[in-house]
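Q: The domain 'Dihydroorotase catalytic' feature in TrEMBL is assigned to 49-238. TrEMBL lists His60, His62, Asp152, Asp305 with the feature Zn(2+) 1 binding site. If you look up TrEMBL, you'll see His62, Phe63, Arg64, Asn94, Asn278, His309 marked as substrate binding site. The Zn(2+) 2 binding site annotation in TrEMBL covers Asp152, His179, His232. Summarising the annotation, TrEMBL assigns active site to Asp305. Marked as domain 'Amidohydrolase 3' by TrEMBL: 341-422.
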Amino acid sequence: MSLLIKNGLVIDPQNHTEAVMDLLIDGGVIKKAEPEIVAPDAEVYDASGKVVAPGLVDLHVHFREPGLEYKEDITSGSHAAAKGGVTTVVCMPNTKPVVDNAALVKYVINRGKEVGLINVLTAGCISKGQKGAELSEIGELAAAGAVAVSDDGRPVVSSSLMRKALEYAKMFDIPVFSHSEDLELVDNGSMNEGYMSTVLGLRGIPKAAESVAVSRDVLIAKQVGGRLHVCHVSTRDSIEAIRAAKKCGVHVTAETAPHYFTLTDRACDGFNTNAKMNPPLRDEDDIAAVIEGLQDGTIDAIATDHAPHHRDEKELEFEQASNGIVGLETSLGLGVTYLVKTGKLTLCQLIEKMSTVPAQIIGFDRGTLGIGKIADIVVFDPDATYTVDVSKFESKGKNSPYDGFQLYGRVDMTITGGKIVYRNTEY
Ligand SMILES: [Zn+2]
């Protein structure tokens, strides 16, 4: 089947393209991108006024399969991704059991293929059982298709183990995704330490719990090499540590999540457990630092840390509630609304951080609309608004602090491998 997308604003950061033109997809690949393409046999989609961009690549999602399918599974997660314009995800391995062997890596990848909506990739564990003691067989994980290693959900407490992980992962040319957190500094805190934690009477988590761990990780990477990728960066000091490391030539990349440039810890007011996450929501100064980091390239990517939970795990006292929010169905809208419409980033820069660069970080040949490339595409309207309604989420998780928000950047169509996997029929 061939598809002709007409008159869209085609944005391809990798090829420095940003122009209104037509795009012809045939045999699953991009055949042509030029004005006024004639293709009599193709299905025609009119994208006037819309953006045609490479499908989003989300480096950090929790699809909860195997073992925690009551929260999410690869089917529901894939549908949520497709609805959000996301055509590739990297699943974190903190499932039940954890993905610390080749068989489970293959299981996740194959389940994604069976569902057949998006590219479901996975990280494997850094340590066996995510226990932080013994390195997993990183070579076997990589051979089975793991695109990274991570103990996400938990930090690698042992500096020596982090060193070994970077050294081994380097041999197989995959990055180490670090959930950088100093658990002693966290000290059972449940939200950012500051005015709001005092008001709410909750134990706070100091910003240093993140920045101390990020600093350690970049210093180890500086010493031993390897590719360090810092997950969900949320504080000014973490960003400054990464900026300084990049200046010294350390191979470090970083991601942040939309909640770290859109919300502060004030969202926890009223003990709102849908604003409880790890790292916790910070303050205005950190939001400013995250945006500066995105602007100057210190932060390479925007990932969602999509973390679905069952309602019962959120309808608890704040301290007891699970950490995390769902993000796949709001990430593009939040990026367009809070970064592009405010003039902080251009549309091209946003797409670079949500597609092109994350694809490069994991060495996956996507994130571009080059001729001959596999047609993973998102078509969205940057000027159309929509209201977030969690009851309509494809994700099993409804734990989002954005319910009722008006956002720009409505996703109208998502294409994976030349196949339409989502079409917005609501307008
Ligand atoms: Zn994490």
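Here, residue 1 is simply the first one shown, and the rest follow in order.
Glycine residues also receive a Cβ, built from the backbone N, Cα and C atoms like all the rest.
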Q: Reduce the DSSP letter at Asn94 (substrate binding site) to three states and note it down.
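A: The three-state answer is coil.
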Q: With respect to ligand 1, which members of the binding-site residues His60, His62, Arg64, Asp152, His179 satisfy a Cβ distance under 6 angstroms to one of its atoms?
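A: Among His60, His62, Arg64, Asp152, His179, near ligand 1: Asp152, His179.
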Q: Under the DSSP assignment, what numbers of helix, strand and coil residues are found in the domain 'Amidohydrolase 3' (341-422)?
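A: Residue counts for the domain 'Amidohydrolase 3' (341-422) by secondary structure: 18 helix, 27 strand, 37 coil.
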Q: Distance between Asn278 (substrate binding site) and His62 (Zn(2+) 1 binding site) at the Cα atoms, whole Å?
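A: Just about 13 Å between their Cα atoms.
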Q: Calculate the distance in Å between the alpha carbons (Cα) of His62 (Zn(2+) 1 binding site) and His179 (Zn(2+) 2 binding site), and round it to a whole number.
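A: With the alpha carbons as reference points, the distance is 14 Å.
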Q: Does Asp305 (Zn(2+) 1 binding site) have same-chain partners at least 6 apart in sequence with Cβ under 8 Å from its own Cβ, and which are they?
A: His60, Val61, His62, Cys231, His232, Ala257, Met277, Gly324, Ile325, Gly327
Q: If I take the alpha carbons of Phe63 (substrate binding site) and Asp152 (Zn(2+) 1 binding site), what is the distance between them in whole Å?
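A: Phe63 (substrate binding site) and Asp152 (Zn(2+) 1 binding site) have their Cα atoms 13 Å apart.
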Q: CB neighbours of Asn94 (substrate binding site) within 10 A?
A: 19
Q: Three states by DSSP: which one describes His60 (Zn(2+) 1 binding site)?
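A: The residue in question, His60 (Zn(2+) 1 binding site), is strand (DSSP, three-state).
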Q: Provide the number of Cβ atoms within 10 Å of the Cβ of Asp152 (Zn(2+) 1 binding site), excluding the reference atom itself.
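A: If we count other Cβ atoms within 10 Å of Asp152 (Zn(2+) 1 binding site), we arrive at 24.
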Q: For His179 (Zn(2+) 2 binding site), which residues of its chain lie six or more apart in sequence with Cβ-Cβ distance below 8 Å?
A: Ser150, Asp151, Asp152, Gly153, Arg154, Pro155, Val156, Cys231, His232
Q: How many neighbouring Cβ atoms, not counting its own, are there within 10 Å of the Cβ of Phe63 (substrate binding site)?
A: 31
Q: Inside 8 A of the center formed by the CB atoms of His60, His62, Asp152, Asp305, which other residues of the chain have their CB, for the recorded Zn(2+) 1 site?
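A: Result: Val61, Met92, Gly153, Cys231, His232, Ala303, Thr304, His306, Ala307, Gly324.
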Q: Over all shown protein chains, what is the count of other CB atoms within 10 A of the CB belonging to His60 (Zn(2+) 1 binding site)?
A: 28
